[in-house]
Structure formats: C-alpha cells, structure tokens
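K.L.:
Sharing the record's features from TrEMBL:
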BINDING   K21, H28, Y137, R185  heme b binding site
TRANSMEM  251-271  transmembrane segment
Amino acid sequence: MESTKSKPRDATGSDLSEQIKAATKDIHVRAENTQLMLNYQKGQITQTQYKLLLCSLYEIYRALEEELDRNTDHPAVQPIYFPQELARLESLELDLEHFFGPHWRKRVTVPAATHRYTQRLREIGKNSPDLLVAHAYTRYLGDLSGGQVLGKITQKSLGLSGNKGVLFFSFPGVTSPNRFKQLYRSRMNSIELTEQQRWEVLDEATRAFEFNIEVFDDLQKMLSITGEASSDKGNDAATKTESKTFSSSPVLQFALGVGITLATVGMGVYAF
C-alpha cells in the first residue's frame, strides 16, 4: 500500500497531533463516507457483522498491544504507553467469549486484510517503533471518542443488555475522556522526532486510514454478495445458522479473503 501524501515543507513547525489531523483531513472525509460507515451510524449492523468485526479487532489489538509492550522503553512509545487506561485486548476476549463461548479462540476467523494490517504492526514494532505512535493515536483516541455512542448503537441494533458483548467500547480506567485525550496529545507532542521521522509518522497515519477505507469497502462488498446486509439481526435460529454458514460457505470464505479490518471501529476514529 503506497501513500499518496506529499512531504510537508516543514514537519517541525507545529504539534504532532495537529499535524496528523491536518495530514489526514482529506482521507478522513473519505473514510467517514464509506457505505459501511454510513450504515453503522444508522444502526444497520447484524450480529454476523459484529462478530466478524470483533474477530478482526482481536487480532489487530493483539498485534498492536504486544508491540507496544515490547517497545515500552522506546523513547517514542514510552510517553504514550497507557495500558491500564487504554488496553483493549482483555475486553475483546470477553466479548468474543460472550458470542462464541469458552472455546472462542478456535472459532476466530481472520481475513486476509487483518493479516496484512497485523503484519504491518509487527513489522514496524520490530524495525520502526516510532511509527507505532501513529497507529496507537488513531486507534485509541478514535475508540475513546466514539466508544459510548457506538456501544449504544450496537446494543440497540443487536438487542444486547448491559455491557455483555460490548465491553470493547468501555474504558473504565478513563474517568474523563476529554481530559485524558488532552493528556495523551500532550504526551505525544512531547516526543522528540527528527523532521524525517515526523514525516514518516504522518505518512503512517495516512496509511492507517487507507487500510480502513479499503476494508470498509471490501466488507460492504462481502455483505452484498452474501445478502448478509438484509438478514435478521440475530434471533436464536439465525445465530445457529450463522455459525454454520460462517465456517462453510465458499462465497463467504472468498469474500472474507478480501478483508474486513474495520480499524478503529466505526466513526469513533473520526472524532479524535
């Protein structure tokens, strides 16, 4: 995936958080207007969609958080390392257990796009840890911004009660999202980067949005092929049929290969 973003004239003239916002402005608008994003905001999400999303998010956050843990002492990672407040992996594991049962790990299906994204995270975690800043910022602050809204949309759409199945959207370690986001931006802006390193972080943030747009569109295509977009939202009979179709349908398996990484989950990312 090649970025089309041109190098800024001066990558050191303002705060990194503001530069990311400016660098991703146009692609941000594109991401907001994908069909899948618009459907999610309307509450048009099925249980199959959501379960597929959780599977991908689990693999993505496992890669991201393992790489952050591995690089916690790196000078670019240490300032924005907040595992107690932000880590999503445990919540995703509980959500997956809610839908798939105690043996959920055996039922996680991960499409090609998820592999591509996790491979990228592993690559930069090993070779360029400073680029993890771009992914952590867009993902965590996006989820934190849109978590409550998206959680309520998901609950209503799927008929869920309490926090069961939607723990991913909750941040119990953050008492004030707005104050925490200010702290996070301040810590990120304090990271010392050369002009070249800063440009590379900006480019990586754009790449993260590009990943998102591609998988949003591909998931929508998959749903159109299978007819899932108009299916029942998850009664008992549909759930039983769904687990069988999920593993055996050649059409669905083909479409899954195209990818569904729904990175940063819905419009949450676009509120940071």
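Here the Cβ of each residue, glycine as well, is placed from N, Cα and C on the backbone.
Quantities reported herein were computed from a predicted structural model and do not represent experimental measurements.
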K.L.:
Taking the residues K21, H28, Y137, R185 listed for heme b, what is the greatest CA to CA distance in Å, to the nearest whole number?
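P.N.:
It comes out at 19 Å between the most distant Cα atoms.
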K.L.:
Fewest other Cβ atoms within 10 Å: which of the binding-site residues K21, H28, R185 wins that one? Let me know.
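P.N.:
Result for the binding-site residues K21, H28, R185: minimum number of other Cβ atoms within 10 Å at K21.
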K.L.:
Mind giving me a neighbour count for Y137 (heme b binding site)? Other Cβ atoms within 10 Å of its Cβ, every protein chain shown.
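P.N.:
I get 23 for this one.
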